[in-house]
Amino acid sequence: MLLLPFQLLAVLFPGGNSEHAFQGPTSFHVIQTSSFTNSTWAQTQGSGWLDDLQIHGWDSDSGTAIFLKPWSKGNFSDKEVAELEEIFRVYILGFAREVQDFAGDFQMKYPFEIQGIAGCGLHSGGAIVSFLRGALGGLDFLSVKNASCVPSPEGGSRAQKVCALIMQYQGIMEIVRLLLYKTCPRYLLGVLNAGKADLQGKMKPEAWLSSGPSPGPGRLLLVCHVSGFCPKPVWVMWMPGEQEQQGTQLGDILPNANWTWYLRATLDVAAGEAAGLSCRVKHSSLEGQDIILYWSNPTSIGSIVLAIIVPSLLLLLCLALWYMRRRSYQNIP
């Protein structure tokens, strides 16, 4: 656990010293997904994230990082970045080779997939907590705590054997310790400061209503869409008047391509109960001016067609009568 210097706390948290004062991400992690098809073929994908925002990719062909933002390097120099790329490049190649060499000993049947996540997060009081977890086929397998490999209960005896093997590589464990407890915290602080303008920026949400697939006879699925907001925390609810409507279902908050967020709130109601319902959106960027959209039954396509065709027919009829009268007057001697 690492404590932030007081000066940096003041920069990141001008309104207080808790993580809630920073309106943006508070953790960084890298994700590794290694797929093993057989004893000679493996593929690894990697990415780096600030909470749910991806800021790095990994080019497997060149063995280099892809920086998705101008400030994705944080305050690291080009030399430091190159050294880290070399560490990850050697690790990825060595990891695949070691897994394939020991797959038979650990009774791992092809094909299989190994997932890993490692990083550090900012907690209340200015503490930074580092973590590393590994999974096999989507199930917890092991973790690293205090520079020691800890097998997960779900991993059984296989995880215990793998941890015993890993702990024999003390040189590698020392590199892991340095990356987790020194490099990651320093990078996290630097990238949060470098990307502060983007990460703490506020974008007002846009909201609109639609109807979803009918849940059943005589029922409606009301959908309230909210998009384009930043930061991520948002409150959306269907309401009859000033009370929250029971049964409102919130989907996952999903990222947009421009680093804003999208959320939809749905409500299954009887068709006769939809009138008078509204969708209310609260967000810090609105400064108390909530968005309120009232539900009204959408105009049917048939009504739209009638609204266009009937006036057109009347116009044509009037033109025809005018033309016939004009012709009749011209025929009078």
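Every residue, even glycine, has its Cβ placed from backbone N, Cα and C.
Under the heading topological domain 'Extracellular', Swiss-Prot lists 19-303. Annotation comment: Swiss-Prot describes 185-295 as domain 'Ig-like'. For 304-324, the entry in Swiss-Prot reads transmembrane segment. According to Swiss-Prot, the feature motif 'Internalization signal' maps to 329-332.
According to DSSP, the domain 'Ig-like' (185-295) comprises 20 helix, 49 strand, 42 coil. Note on the topological domain 'Extracellular' (19-303): mean pLDDT across this stretch is 93.
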